[in-house]
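S.K.: Sharing a structure below in structure tokens format, with a few things to ask.
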Amino acid sequence: MPVPVTARRRGPLAGSVRVPGDKSISHRAMIFGLLAIGETAITGLLEGEDVMRTADAARALGAIVHHDGPGAWRVRGVGVGGLREPADRLDFGNAGTGSRLMMGVCGAHPITTTFDGDASLRKRPMRRILDPLELMGTVIVSQGEGGRVPLTLRGPKEALPITYRTPVASAQIKSAVLLAGLAAPGETTVIEAEATRDHTERMLIHFGADVVVTPEGVHGRKIVLKGQPELQAAPIVVPADPSSAAFPLVAALIVPGSDILIESVMTNPLRSGLLTTLREMGADITIESQANEGGEAVATLRVRASALKGVVVPPERAPSMIDEYPVLAVAASFATGTTRMCGLQELRVKESDRLAAVEAGLKAAGVTCAIESDDLVVEGLGGAVAGGGIVATHLDHRIAMSFLVMGLATRKPMQVDDGAMIATSFPSFIALMNGLGGELA
Ligand code: S3P
């Protein structure tokens, strides 16, 4: 059942918040827990619906998964090569990351696995994962039209190691190939023209695999993994998700008079493009303290309402802020002047067609914007945004949260047609924003 949610303008935002654990790392924590020998203790896990689907899949593949308390989980793994064939299809719900990474895992093991998901996941391209898997020996037993879920994979007796150049900048493709490479003898190599988030590489090293990462070209990387390692269980501390922090962050920038702290946000440079862009726009974001959590740098950010100005966001920045464009477009609506975000073709194949959804949402709020080829161009109104629209979210959590953030600063309230999907990545979003002084209901 869709759950409409409305955001209204009230006073300035104030207070200190910590957003939930990083979604990318949380999925990987469950997957590595499954593939390791021994018990992996996880703290700070994001208990959103997407990650819970990955936990269910890990159980179906033979892991013993315990929930000890808020964010605290233990996973007893089966080891690389030890997966059990699941009795039923694996339903990944809305989760592209969980499904694609698990396709890499299962597709390289001698088991038959069926993957499925919700109406959004059933529209998303999976050929990008199936192509390298077929080179490694996976048989696609059945697939939805154009290589979509529901699809069934049968892994080979022993996967073949490959060298693979990712055709688009995608950490999910890279990770699926590397996870499949764990089951293959010899070296599996992934070459990416643009560096994408490196959580899989970091976790492989943390669990004892032999991984060598070298620069490739101007912006790229080459990752070489030695196959068939014995992964050893290792504790995982999940830092706060910068993609979730983006919502209170932009809200504080656009609601006049706001001054908030966002605690211990992961600042991995491959995830920090939004901070770079917002600072270029004139955002008042200062670092109050810095630390290290589970091998990742984290920082407590102080964010104050700011007069933003339009900028050009270069295409090479897209991988480091790929999930943040919807909320950046909201920030750009309140800026003075034009913001051009370049090279956003991948936004068309996220949980929704985010280019189309953002354009429609901004127009509903009275903001002039256009999609020009793969660029999104937003004409900022310098703070005076009308609002008043109803936004179609198309089963996309980030579209819902972005336009609710917008409604905290528009003249008239903003309504989203369905806030239910927010639970996939940020279940406490509404309470957290209201705790800062927002009015979301
Ligand atoms: C993710 C990679 C990105 C991102 C997604 C999470 C990951 O997707 O949009 O939310 O955890 O590897 P792509 O690999 O499709 O760019």
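Heads up, the Cβ atoms here are built off N, Cα and C, so glycines get one too.
According to TrEMBL, the record shows the following:
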- 10-430: domain 'Enolpyruvate transferase' (DOMAIN)
- K23, S24, R28, S170, Q172, D323, K350: 3-phosphoshikimate binding site (BINDING)
- K23, G96, R124, Q172, R354, R398: phosphoenolpyruvate binding site (BINDING)
- D323: active site, proton acceptor (ACT_SITE)
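Could you give the neighbours, burial and distances for every feature on this list?
M.R.: The predicted model assigns the domain 'Enolpyruvate transferase' (10-430) a mean pLDDT of 98.
If you draw a 10 Å sphere around the CB of D323 (3-phosphoshikimate binding site), it holds 23 other CB atoms from the protein chains shown.
Cβ neighbours within 10 Å of K23 (3-phosphoshikimate binding site), excluding its own Cβ and spanning all shown chains: 25.
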S.K.: Check the Cα-Cα distances from R124 (phosphoenolpyruvate binding site) to the binding-site residues S24, R28, Q172, D323, K350 and tell me which is shortest.
M.R.: K350
S.K.: Fill in the CA-CA distance, D323 (3-phosphoshikimate binding site) to R398 (phosphoenolpyruvate binding site), as an integer in Å.
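M.R.: It is 8 Å, counting Cα to Cα.
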S.K.: If one measures from the C-alpha of S170 (3-phosphoshikimate binding site) to the C-alpha of R354 (phosphoenolpyruvate binding site), what distance in angstrom results, rounded to a whole number?
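M.R.: Between the Cα atoms of S170 (3-phosphoshikimate binding site) and R354 (phosphoenolpyruvate binding site), the distance comes to 16 Å.
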S.K.: Which secondary structure state does DSSP assign to K350 (3-phosphoshikimate binding site), in the simple three-class scheme?
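M.R.: Note: K350 (3-phosphoshikimate binding site) is coil by DSSP, not helix or strand.
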S.K.: Considering only the binding-site residues S170, D323, R354, which possess a Cβ situated under 6 angstroms from at least one atom of ligand 1?
M.R.: S170, D323
